[in-house]
Amino acid sequence: MRGCLQSVKWLTSALRPSQSLASSTRYPRRLLSTSAPRNAQVRKPASEVEQRIAAIPIERFRNFCIVAHVDHGKSTLSDRLLELTGTIEAGANKQVLDKLDVERERGITVKAQTCSMLYNHQGEDYLLHLVDTPGHVDFRAEVSRSYASCGGALLLVDASQGIQAQTVANFYLAFAEGLKLVPVINKVDLPSADPQRALDQMKNTFELDPESAVLVSAKTGLNVSQLLPTVIEQIPAPVGDRTKPLRMLLVDSWYSTYKGVILLVRLFDGEIRVGDQVVSFATGLKYTVGEVGIMYPWQTAQSVLRAGQVGYIYFNPAMKRSQEAKVGDTYTKVGSEKLVQPLPGFEEPKAMVFVAAYPVDASDFPHLEDSINQLILNDRSVTLQKESSEALGAGFRLGFLGTLHCSVFEDRLRQEHGASIIITPPTVPFKVIWKDGKEEIITNPALFPEEDTLRAKVTELQEPFVLATLTFPEEYLGRVIELCESNRGEQKSLEFFTSTQVILKYELPLAQLVDDFFGKLKGSTKGYASLDYEESGWRRSNISKLQLLVNKVPVDAVSRVVHSSQVQRLGRLWVSKFKEHVDRQMFEVVIQAAAGRNVVARESIKPFRKDVLQKLHAADVTRRKKLLEKQKEGRKKLKAVGNVVIEHKAFQAFLAK
């Protein structure tokens, strides 16, 4: 239905802005073309929503977001606020702002989503702009970008679980941005809820006043009506001047087949209308605005966006190249470039986990490239580099902020674009310190220095570490410490922030963290632990490249840089697993795992054997020996010149999780 409405909007555009409605009456109606000229937009009567927004001064704008640990009820609370303001109908709505299929399937927020709301407080209309942010650490770049368009935040805590690792991380992010924080305790209707404990934790951990907290149940709607007056009273209005030249920040973008790239923008000064000519500070490219509007909660066209507002725009002619939309870029009107100081933009997040992606069918490479580029438009924290493999053909090396980020991106490629892909296991970057003093960070295991180069030219190898913050009940302390120590961890601090809850800090190698550490942590604590982490620099490490050899020929698609303590275990696992997926040949196939020049594991696949003694008389011993020797020599020759053909499906099965 939404797509139909957008198509109707597109088709109903008629006159150029320079033409008047009166001038069109000179021509007979039947001679008028039904196709819209470029840069055209019909002047529709202002809707009731638009009329109400036009009457609201910037002093009655409020831009705020909801931040919390994953699964503490942010999206459900967003639904209740949208219902309370009449933005959506009550009852049948579940996670309206979780618009991706993968979000609804997994029950998590992946993309920060925005929505404008109108709310009447004490007889005056207020324009509220809500951002529902992700809770998981892998999507922190989304959270930090959201803060740029907000003046305050609702800090949400689950009454039954209390403060958890990402609550702490999100608090410090918001605090560093100078946001006004409103404490909210959610899920107070649960039998296991302990609101007083959550309030005490907020006071002790964040020094937030328990008296200012609002206790709600987003599921039942209990006390949710108290939140919006609290937002109006405590969160400051945005600062901006609509009479100044346009200064507009690009916060996010996505791709539409019919409209090209659509931009989500925050206006700091000035205003923007259909037909305005704007220019990008980052690229210098100029565009004509085709439509402006707000998310209410879906795209709702408006005649103007003013300073203080957050809304969407797209251009006519459309912005077709996704690379032109640089998140954090500043736009202004053509001619005002020297009058406007560009905004600082956003800090580029660093990719911490890398995978290689290849199409199952090599002819699908162009489709895979288009699909990845469209998803990157909507997720700028992904890095992209082309690469090729002898075994799997042309593909890409993709960088992500974490393993969940990688998994969600893979799901979106399959679901939204129908991509059939082979994904290699995640790896982390490593640093090479050369003897001439140069440092090089390498993300592709295939580029790891060879044994001779290591001895002659390399001073040391380093791997990245992270500072992990773990929160869990005190009864699991022994198991968690044991898990961290077995993953080469180094304890940094241990504190009790309640009599039963522990905050444990460990420095861990990032390589161990991406090797399903969170799954093992959940298993050790029966699901009660939470994890957050931040970069902690590089450390000298005894690492080497583990690779798979088939008849002494390296398989370039299967290689990984690992710590020496993992070489034996991984090597044995690789050869036994790969053996299952390689077909028998007319000669013996030897599968080896090697770290440098040392073979650490080996498996053999026996050849098909022809019975050369079938027609031989039983008593002819010398003839028997001669035939067997001849067969043996033939096998040696075949093994020396024969190539092992490994099918695509073998790699697919081997690399499957």
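Keep in mind that glycine also has a Cβ here, set from the backbone N, Cα and C atoms.
What Swiss-Prot records for this protein:
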- 1-39: transit peptide (TRANSIT)
- 59-239: domain 'tr-type G' (DOMAIN)
- 109-116, 173-177, 227-230: GTP binding site (BINDING)
Number of other Cβ atoms within 10 Å of the Cβ of E177 (GTP binding site) across all protein chains: 15
Coarse DSSP state, helix versus strand versus coil, of A174 (GTP binding site): helix
Structural state of C115 (GTP binding site), classified by DSSP into three states: strand
Count of other CB atoms lying within 10 Å of the CB belonging to P229 (GTP binding site): 14
Residues near A174 (GTP binding site) in space but at least six apart in sequence (CB under 8 A): V67, Y147, A153, L155, L181
C115 (GTP binding site): tally of other CB atoms within 10 A of its CB: 23
Three-class DSSP secondary structure - P229 (GTP binding site): helix
